[in-house]
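In what follows, a structure is listed as structure tokens, so that the remarks can point back to it.
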Amino acid sequence: MSSVAPMQAVTDSHTLFRLINDAHSPVGDLFFGIVSGLGDGLVIALLASLLMLFRLRLGMVALIGYLASGLIAQIFKRLFDMPRPPAVLENVHVLGSAFTSHSFPSGHATSDGVLVLIPFLLWSLKDWRSWSVAGLFVLAAIGRVYGGVHFPIDVVAGLTIGITTTWLLWLWSEKWPVEQWLKSAWSWKIPAMIVIGEAAALGLGYKMQPSTAQSLALVLPVAALIILMRSWKERS
């Protein structure tokens, strides 16, 4: 019995993968081709750093949560070294590059998990903005299945790692001396410098994953710098 449950989970994951991946269309390719790029590591880091400009504690939780959960995901990837859909299934519809190894868990979905939780900590469970932003990043994670690079079980595991890690960091952050840090001008200058560095890295030749989301590498850095300038003017 102990081996039946894992095998059934894999079978169900493959079945669900087919349902999602086989439902591809030109509109779906365009939508998920862009949205799934929101889970790219540098994109998540940039969004977290921007949040630090306005909510230092929450932004730090998001940035550290991304780094910590990403490390956990990479350890599991190498520990399990599970094959990706193109390596075990035929006629897989792939957006971007067709990878074949280190499938479990999804690194993009892990990063998405961080931004699934953060809006509920920023606003509330009852706020429509929380559900809108969280839903967007859930769709970004689903895009990894639609794009043929991960199985559903990889995505669920990734989201779980990202959400859990970030929640634990949020609880721990209650002990951080944030009020003391906010008294220093560096509490804004350091995040601002990080944003500038990340925006530059993203906008100057960074290759997005998936490659179909490359347009984000043009739009997000510009938007980030505009937000940074407005924040700077408000502080002047």
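The chain as shown is numbered from 1 upward.
Each residue, glycine too, has its Cβ placed from N, Cα and C.
Noted in TrEMBL for the protein shown:
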- 30-51: transmembrane segment (TRANSMEM)
- 58-76: transmembrane segment (TRANSMEM)
- 58-170: domain 'Phosphatidic acid phosphatase type 2/haloperoxidase' (DOMAIN)
- 128-146: transmembrane segment (TRANSMEM)
- 153-173: transmembrane segment (TRANSMEM)
- 216-232: transmembrane segment (TRANSMEM)
- Message: Using Cβ distances below 8 Å and needing 3 or more such pairs, separated by at least 6 in sequence, tell me whether the transmembrane segment (58-76) contacts the transmembrane segment (216-232).
- Response: no
- Query: So, do the transmembrane segment (216-232) and the transmembrane segment (30-51) meet, by the test of 3 or more Cβ pairs under 8 Å (sequence gap 6 or more)?
  - Reply: yes
- Helix, strand and coil counts within the domain 'Phosphatidic acid phosphatase type 2/haloperoxidase' (58-170) (DSSP): 81 helix, 0 strand, 32 coil
- Message: On the 0 to 100 pLDDT scale, where does the domain 'Phosphatidic acid phosphatase type 2/haloperoxidase' (58-170) sit on average?
- Response: 97
